[in-house]
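Peer 1: Residues or ranges marked as domain 'G-protein coupled receptors family 1 profile' by TrEMBL: 42-291. What TrEMBL records for 26-50, 62-83, 103-121, 141-165, 198-217, 238-261 is transmembrane segment.
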Amino acid sequence: MAQENWTAVDEFVLLSFSTLQPELQLLLFTLFLTIQLVTLLGNTLIIVVTTSDSALHSPMYFFLRNLSVLEIGFNMVIVPKMLGTLLAHDATISFLSCATQMYFFFFFGVSECCLLTTMAYDRYVAICEPLRYPVIMSHRVCVHLAAASWLSGLPVATVQATWLFSFSFCHSNKVNHFFCDSPPVLSLVCGDTTLFEVYAIIGTTVFVMTPCLFILSSYARIVATILRMSSSEGKRKAFSTCSSHLVVVSLFYGSLSLLYFRPKSNNSPESKKVLSLSYTVVTPMLNPIIYSLRNNEVKAAVSRTFLRKYFSLHSD
């Protein structure tokens, strides 16, 4: 009898920010469009500069280039549909598109967690094992670490999205979010989802919290090594090489922690949307800005890139 109330869902409706006044939605559209343009421009600039400038052909900037590619992918999965919903009020998303969006959301999210961990390991070796750094972080090792970070998102995304969208859904198809995230879509499922929820908790622990603990452990050793340095200039240089990454990690994991580890009584749908914006929209924009402003090598490379472009244009 219960199955008689189930229906074949071929599309979902993203409620997004539909409760707001049209004027506020238009304001949000303008704001998010600006953020997206800054995100795409900033991360593309990081990719171009770290690729074209030989002074930045080091493991740290190799991983930074991969992070920028991830941020662009992460942004393109979420923001375009949200902008369309705000401007054209087209809140519908097909079943396949919703599953695809969730798949790439998990793929890029888990890959970023692992890549941030790899970057922390790179900083650990650079500061704690400086004499062995060229051997430990050879180009071949860096490529393998980056590939492992990217590939780590595949099993999580495949299992999570495939399993969740294999469930039957109740008559409601309204997703109370601005993208197809797992919790709001899961709330529409008919039937027992206990096993899936257990898997989700285990997956979060293994692929999100374990990298976080590894990063904390790496920085604990880095700080201990820096404090043992006798030279204040050496301490300053050592800290400056990892400060940008530490800020990025704090932003990413801070917003995730506020979203997924708050008491359920404080987790209203609207507050979840606001917190989700922090790591899906705002953080990808801030990352290139942080690395550009806090890193003299990147700032110098950007200047050299523009100067080369300027002189090449005028020489023609």
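Cβ from N, Cα, C; glycine included.
On a predicted model such as this, the values are computed, not experimentally measured, just so you know.
Tell me about the setting of these features in this model.
Peer 2: Note on the transmembrane segment (62-83): residues 14, 16, 29, 32-33, 35-36, 39-40, 43-44, 46-47, 50-51, 93, 101, 104-105, 108-109, 111-112, 115-116, 118-119, 122, 142, 145-146, 149-150, 178-179, 248, 280-281, 283-284, 287-288, 291 of its chain, located 6 or more positions outside it, place their CB under 8 angstroms from a CB of the stretch.
Proximity of distant same-chain residues to the transmembrane segment (238-261), defined by a Cβ-Cβ separation under 8 Å and at least 6 residues beyond the stretch ends, is recorded for 60, 67, 112, 116, 119-120, 123, 126-127, 204, 208, 212, 215, 219, 222, 225-226, 229, 272, 275-276, 278-279, 283, 286-287, 290-291, 294-296.
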Peer 1: Per-residue pLDDT averaged over the domain 'G-protein coupled receptors family 1 profile' (42-291) comes to what?
Peer 2: 88
Peer 1: Let me spell it out: take the transmembrane segment (26-50), skip the flanking residues so only those 6+ beyond its ends count, and list any with a Cβ under 8 Å from a Cβ in it.
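Peer 2: Cβ under 8 Å, 6 or more out: 17, 20, 56-57, 61-62, 64-65, 68-69, 71-72, 75, 79-80, 82-83, 86-87, 281-282, 284-285, 287-289, 291-292, 298, 301-302, 305.
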Peer 1: Counting only residues 6+ away from its ends, which parts of the chain sit with a Cβ under 8 Å from the transmembrane segment (141-165)?
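Peer 2: Beyond its ends, the transmembrane segment (141-165) has Cβ neighbours at 59, 62-63, 66, 95, 98-100, 102-111, 114-115, 117-118, 121-122, 182, 185-186, 189, 196, 199-200, 203, 207.
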